[in-house]
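Novice: Take this structure, written in structure tokens, and hold onto it; I'll ask about it next.
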């Protein structure tokens, strides 16, 4: 599964993760190219408060611009956007963000399902969704929608994930297009090219 | 698993129907969010076809009530964002306390948690007796709940933590009586509240206020509608009055922002 595959065009990468996923992001970020031709959108479960902590942590490891997603903000290639704590992050048809403070999904806000589903609706088959380590049910329904729109499903290898439950669910219930170890993800993302 | 989903065109058809039949205008709401709410309801209520869903919404008034309740987001919390309530307590309300009478509008109040939080702060600053809180929402069903001052006990632990962080000066449990699964809040708080329906999209200014609070409502509106609502607020705030928004909302791109001054780091602006 680890071989480098020439992939189809990519208009956005959305990464979802829960417990144990921060380590993976810290592994990926220093190795990312600085001129990626698509945006990266990150939804990580975390507690409200310490707002800019995750943003700073990632910004210190990459030359890409990392910022917390703001409502109505246009989504631009080469930028990394992080879902703010305690809001769901949605993507509009015109490729801008909306925030939503509705019910938690899978005990989570932001919910990975919400962003995956909304991204699938907009980016359709040129979307790559990556689901990392976690012990929550979040992400599976989102991945199902991504598959329906023919986007690509990428999961962290459950055998090497700190918390295998989340990616394992996708592996067992849907067919993932790529199963990658943490150390393979940066080069995978760097090799995705623009539509 | 449901297979039938609703596409953008069908969402547009439903929103047009609702405007035509019931007079509620959701056309300028953020599309992704309203689409998600409608799609969710469609699958939750197990409709088998779009045609059936559309017909029911158009013709069944009872169902439309449910529709309205479900597609507007009514999630809220007491003392949400404690630092915001600290700014109200320490900066905004003491300034308004110098007025003989304080009029406050909580726009999009949902089930009333923020209006009650505000009333508690006013009480602790000894200002509640000369204050009046107008709490409005588009949705009559949530106002009925708000009027009763009944909140689920499940949430009270979180609320009392928020209250402490917001520098509350009392014992939070003094404000309510627990009864089975519900907490009934003090009538003295509701005695200074007026509940009424008001639609920010289509209704006009109805009074002048020293403070307007509208938190986590504008995130559901598109930019043009946000600016219209800011104009409505501008017409409803007295000179030197305050406008308070949710923690991810901003006046930044509104042309009249130059007439307003930000209060410290909170999403509170003062009209100059």
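The backbone N, Cα and C atoms fix where each Cβ goes, glycine too.
Positions annotated as domain 'CheB-type methylesterase' by TrEMBL: A:6-169. Under the heading active site, TrEMBL lists A:18, A:45, A:138.
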Novice: Enumerate same-chain residues with a sequence separation of six or more from residue A:45 (active site) and a Cβ-Cβ distance below 8 A; give 'none' if the list is empty.
Specialist: A:17, A:18, A:19, A:108, A:110, A:112, A:134, A:136, A:138
Novice: For residue A:138 (active site), just count the other CB atoms lying within 10 A of its CB, please.
Specialist: 27
Novice: Please work out the number of neighbouring Cβ atoms within 10 Å of the Cβ of residue A:18 (active site), leaving out its own Cβ.
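Specialist: A 10 Å sphere around the Cβ of residue A:18 (active site) contains 25 other Cβ atoms.
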